[in-house]
Amino acid sequence: MSAQDLSPSRRSIPEPRAMLELIKPVTWFPPMWAYLCGAVSSNVPIWENKGVVVLGIVLAGPIVCGMSQAANDWCDRHVDAINEPHRPIPSGRIPGLWGLYIAIAMSLLSLVVGWQLGSWGFVATLLGVAAAWAYSVEPIRLKRSGWWGPGLVGLAYEGLPWITGAAVLLATADTSPGFPIVMMATLYALGAHGIMTINDFKAIEGDRKLGIKSLPAVYGPEVAAKIACTVMGLAQALVITMLYLFSKPYHATAVLVLLCGQFWAMSVWMRDPEGKAPWYNGTGVVMYVSGMMITAFAIRGFTV
């Protein structure tokens, strides 16, 4: 490793605040929420299994998601030096190889905690950790692709935690997730491709310089925003259709109302795709994840 790979800093140990910033608490919500959606959709009493639920939520958010952020920031330190030089690693607040050490330590911690959730929890954790490194690290680095990268993150952030939350609770009843749970989790995970694309709007300049083919970098902000909106909209349209087919008209209508709200937010976002991407994250995405919980309640205990 060359000297250029190390953060220029006179510090020998990381700043405590910088370590918290490195694992980005703001990113923990989606997998925590998805795990809770899975627990709800299982129709297994949550209060009676609150220990498993809380442990799974902590694993999905602060531990696995936090680990993925640390790994991504370490592997992205050259990009961040261009786009966001104030971040912990390029700024030197986390010096030397400390970013890598933190990511590795949290990977091991993830597996230890995942083991406490049984075979379902451990295998899911193993997949989540593998996905995090596959997304960021060379030579795999799936984030170089604007299609594979967001798709992998969507599955890891939404689909995998949802199915895991349901599977861990259902294991207490000696059963496993059925088709409705797997299908709805998968649809929302596929739709999350659009949500993950939104996050790429803040790094267009650096992505282009370093050859990362995110959708905004390759197609431009306007086309990328249209792709993201289409993906999110189609996934939810399929969810709504299936809920009607499952004879859950009230839940389907509620998700439809939220989708209409997203269409309004999308129209606002499209006026300035690059500038309003953070705004859409705080409006349209909130409606998207609200629909996830409505869907979870709709399919709890439902079999086909």
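Don't overthink the numbers, they just go from 1 along the chain as shown.
Every residue gets a Cβ built from N, Cα and C, even glycine.
Annotated features in Swiss-Prot:
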TRANSMEM  26-46  transmembrane segment
TRANSMEM  51-71  transmembrane segment
TRANSMEM  94-114  transmembrane segment
TRANSMEM  117-137  transmembrane segment
TRANSMEM  151-171  transmembrane segment
TRANSMEM  178-198  transmembrane segment
TRANSMEM  227-247  transmembrane segment
TRANSMEM  250-270  transmembrane segment
TRANSMEM  279-299  transmembrane segment
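Within its own chain, the transmembrane segment (26-46) has Cβ neighbours under 8 Å at 53, 56-57, 60-62, 64-66, 69, 156-170, 172-173, 177, 180-181, 184-185, 188, 192, 195, 289, 292-293, 295-297, 299-301, counting only residues six or more beyond its boundaries. Across the candidate stretches 51-71, 94-114, 151-171, the maximum count of CB pairs under 8 A to the transmembrane segment (279-299) is reached by 151-171. Non-local neighbours of the transmembrane segment (250-270) in the same chain are 222, 225-226, 229, 232-233, 236-237, 239-241, 243-244, 276-277, 279-280, 283-284, 287-288, 290-291, 294-295, 297-298; each lies 6+ residues outside the stretch with a CB under 8 Å from one of its CB atoms. Long-range contacts of the transmembrane segment (51-71) within the same chain, counting only residues at least 6 positions beyond its ends with a Cβ under 8 Å from a Cβ of the stretch, are 22-25, 27-32, 34-36, 39, 99, 102-103, 106-107, 109-110, 113-114, 116-117, 121, 125, 128-129, 131-133, 135-137, 156-157, 161, 164-165, 168-169, 172. Sequence-distant neighbours of the transmembrane segment (117-137) (same chain, 6+ residues past either end, Cβ-Cβ under 8 Å): 52, 55-56, 59-60, 64, 67-68, 71-72, 74-76, 107, 110-111, 143, 149, 152-153, 155-156, 160-161, 163-164, 167-168, 171, 176.
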